[in-house]
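Heads up: the structure comes next, in structure tokens.
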Amino acid sequence: MTRKQRRMTIIGGSLAVLALAAALVLNALRDSIVFFSTPTMVAEKHVQAGKRFRLGGLVQPGSLQRGDNLAVSFEVADGNAKLPVAYKGILPDLFREGQGVVAEGALDANGVFKADTVLAKHDETYMPKDVADALKKQGHWKDDYGGKASDGVKPAATTAQGNPQGAVR
């Protein structure tokens, strides 16, 4: 075997081993790569009780029930299916019926998703309540904040420190 053939054999073997390792890692992480599963995906996969995963969807309007000691139950829906969720803890400020939510936990034997973490989702038009209140108080609030400005006015430029240019301190 010449030096070139030996070198090509080593490179080919190394690439084969690397491809096999990548395939094994991706296979092991297959279910973890998805950020969350929807109620429809959970129903189709027939998820085993006790297996941890993230559940995402919209909080079904009218399904929120508060119990004793911070216990909360609600349904997460995706348009096709809905899944009951039980959670014990303080809900995020953005949590509301009809809003997006991602819950982390596992299904119990009765098909109820027992969440130990609940995250409220918001869209790109979200503005923290404190900021919105401050803008309203100062008289700078516009109903279209968070969306595109209807009057064609662009937002003020900011400096590297994140302060508006020309801002009075």
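Cβ coordinates come from backbone N, Cα and C, glycine included.
Per Swiss-Prot, topological domain 'Cytoplasmic' is recorded for 1-7. What Swiss-Prot lists as transmembrane segment is 8-28, and the listing cites sequence analysis. Feature annotation from Swiss-Prot assigns topological domain 'Periplasmic' to 29-169; the stated evidence is sequence analysis. Here Swiss-Prot flags 143-169 as region 'Disordered'.
Taken together, the residues of the topological domain 'Periplasmic' (29-169) have an average pLDDT of 76. If you look at the topological domain 'Cytoplasmic' (1-7), there are no same-chain residues 6 or more away from its ends with a CB under 8 A from one of its CBs.
Secondary structure of the topological domain 'Cytoplasmic' (1-7), assigned with DSSP and counted as helix (H, G, I), strand (E, B) and coil, comes to 5 helix, 0 strand, 2 coil.
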